[in-house]
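Undergrad: After the structure tokens below, expect a handful of questions from me.
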Amino acid sequence: MPRAMEAANLSVASTGVALRLGPEAFSSSPNPSGVIGSTPGGAAPPGREPPFSVFSVLVVTLLVLLIAATFLWNLLVLVTILRVRAFHRVPHNLVASTAVSDVLVAALVMPLSLVSELSAGRRWLLGRSLCHVWISFDVMCCTASIWNVAAIALDRYWTITRHLQYTLRTRRRASMLMIALTWALSALIALAPLLFGWGEAYDARLQRCQVSQEPSYAVFSTCGAFYLPLGVVLFVYWKIYKAAKFRFGRRCRAVLPLPSTVQVKEAPQEAEMVFTARRPTVAFQTSGASWREQKEKRAAVMVGILIGVFVLCWIPFFLAELIGPLCACSLPPIWKSVFLWLGYSNSFFNPLIYTAFNKNYNNAFKNLFTKQR
């Protein structure tokens, strides 16, 4: 009897020590001789990295800076469009729609994605309801951002190739229709699993929250959110390139060599009205190209860079999202995270690109900060 009591007391004491030190204090692992040895709580098991290495801290810091920069830069674009009356028209409403989607990505999607990345084993610890909300906003806002890029490319294409038929009223109606279709299609793709039972985003057993892996939904969502707008923007830029090449060739053929005896009198320079965000100014075109041709060239370059960055940011993620469910295979988690955050970074690059090629935005930014002072 005393021996039984002594054994019970020893068992209780060892249990109390284990509870105070935690499971890491007595993590056991078999050695080659078959004897189970314990690993001290302060040391990481062999072959496993410490939970917070210098590299992990650096990556988390960069992701936090990316989130903050994406939110603030797109918010600055929105505030500028709202405050400057000259921006209350096409194509700035398309830019505003893109900025809204990118602001929502930075405010609602990226922070929760970072929380999921920081959890052990990338587990989702915030419950099923918040998982559905996060996935819905993720799919909707990223899809809207992608389709807004396609809408901007279409607007530039019609402006360059049909500037006589594409009047201001037609342009306004077309832009409003494209914005409405963009957000309606994005909401449909995001809410389809909840409305039609098209797969489940939350796995309670594995504590995992991800976009529905149903193969049919994977085809529908990736085609509607990426491959269809990708085809649109590639077709549009090809047409813009052909139109620009045709105009340049026609202008070169119009310049014929003149006989040496003919005296050419230099034509006077013509003034062109260039409108800025503050006041109209008069500038002289010193080159052979007209002001409209220079504007179309800048627009073509801007659309080309916008499309190129869009493709580079999103195509790795959507290739993995389409191939994974169809072949029942999976990428390593680290590559999934890299592809996902590369796609998120497109929301950071969008405002940089379409404001870098528009001096009116730069002037408006300077005026905004000057007035604040």
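From the backbone N, Cα and C atoms, a Cβ is placed for every residue, glycine too.
Keep in mind that this is a model prediction, so the values were computed, not measured.
The transmembrane segment annotation in TrEMBL covers 53-82, 94-114, 134-154, 175-196, 216-238, 299-319, 339-357. The annotation domain 'G-protein coupled receptors family 1 profile' is assigned in TrEMBL to 73-354.
Help me picture where these features are in the structure shown.
TA: Same-chain neighbours of the transmembrane segment (216-238): 139, 142-143, 146-147, 149-150, 153-154, 156-157, 185-186, 188-189, 192-193, 198-199, 303-304, 307, 310-311, 314-315, 318, 321-322, 324-326, counting only residues six or more beyond its ends whose CB sits under 8 Å from a CB of the stretch.
Tertiary proximity for the transmembrane segment (339-357) is limited to same-chain residues at least six positions away from its ends with a CB under 8 Å from its CB atoms, namely 63, 66, 69-70, 73-74, 76-77, 95, 98-99, 101-102, 105-106, 109-110, 113, 142, 145, 149, 152, 298-299, 301-302, 305-306, 309-310, 313-314, 316-318, 320, 331, 365.
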Undergrad: Which residues of the chain, 6 or more past the ends of the transmembrane segment (53-82), have a CB below 8 A from one of its CBs?
TA: 88, 92, 95-96, 99-100, 102-103, 105-107, 110-111, 114, 117-118, 341, 344-345, 347-348, 350-352, 355, 361, 364-365, 368
Undergrad: Do any residues of this chain, six or more beyond the ends of the transmembrane segment (175-196), have a C-beta under 8 angstroms from a C-beta of it, and if so which?
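TA: Residues packing against the transmembrane segment (175-196) from afar: 90-91, 93-94, 97, 101, 132, 135-141, 143-144, 147-148, 151, 154-155, 212, 214, 217, 220-221, 224-225.
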Undergrad: Checking distant contacts: for the transmembrane segment (134-154), what same-chain residues at least six beyond its ends satisfy Cβ-Cβ under 8 A?
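TA: Cβ under 8 Å, 6 or more out: 91, 94-95, 97-98, 101-102, 104-105, 108-109, 112-113, 126, 175, 178-179, 181-183, 185-187, 189-191, 194, 201, 209-211, 221, 224-226, 229, 232-233, 236-237, 303, 306-307, 310, 314, 343-344, 346-347, 350, 354.
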